[in-house]
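Asker: Okay, handing you the structure first.
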């Protein structure tokens with residue numbers, strides 16, 4: 001195996017296996033010897049013309065080659081020659097393609113190109129609109145409660161191209177545990193789309209899922225919604241829209257914003273259990289397939 005030039009190395013146990021056993025071997029290793037998060041950049045298997053090797057686990061004072069072999073034998077793990085060897089691998093994930101090309105000589109690894117985010121710039125008109133929409137949600141949140149126990153939380157969903165407020169809703173979780181302000185506002189966008197479709201007799205088509213109640217079945221060419229798949233858009237409910245919140249959303253609402261493909265989120269009040277910056281950072285989670293900008297606004 002090669003040397004990880006310009007990278008700190010760690011030692012790991014590796015073993016040769018029959019290529020035909022690769023799938024079953026990887027599944028078993030994931031259960032018997034899960035890799036620590038710090039080595040999550042390393043692939044579990046290495047194939048070349050001569051042999052197929054798997055990464056067993058990192059070396060340590062607490063585990064020996066004999067103990068590993070014993071565990072593998074008890075679980076009928078099929079080694080090619082019933083021995084382990086030690087390989088040096090990169091301790092850190094590559095952050096450039098140059099590092100990837102150098103360090104993968106030690107052991108195969110995953111690489112995710114860093115996103116090059118352009119700085120967000122706002123015009124005076126943008127700032128005026130942002131302040132106005134935040135004033136709207138705060139006014140809505142602080143209106144006289146419609147019933148006892150209603151919380152002072154509100155959300156507005158806006159088309160930034162036209163400054164049109166598509167939906168503005170107050171929290172109703174005192175009536176139902178799922179009726180948070182964000183969930184209500186997204187439902188409001190869906191209702192507007194339903195009304196638009198009924199008025200124009202637009203057929204409903206689906207993406208990926210077959211059921212008509214799919215959260216991806218609400219698509220079309222309305223000025224405030226993602227264009228339909230047939231028309232070249234991505235077909236999600238809140239594509240291109242911004243959300244204004246009186247306070248940071250919980251994890252459930254953060255995921256709802258992600259699934260509806262919101263463009264940006266603005267909020268003022270952080271929460272210790274918040275999903276967009278405080279307890280979690282769902283908007284930039286590496287394992288989720290949509291990223292969006294989140295801006296916490298502090299007003300003097």
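The backbone N, Cα and C atoms fix where each Cβ goes, and this holds for glycine too.
Heads up, TrEMBL stuff is auto-annotated, nobody curated it.
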Asker: According to TrEMBL, which of these ranges is region 'Disordered': 190-213, 214-237, 238-261?
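Answerer: Going through 190-213, 214-237, 238-261 one by one, TrEMBL gives region 'Disordered' for 190-213.
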Asker: Per DSSP, what is the residue count of the compositional bias 'Basic and acidic residues' (190-200) in each of helix, strand and coil?
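Answerer: Computed counts for the compositional bias 'Basic and acidic residues' (190-200) are 11 helix, 0 strand, 0 coil.
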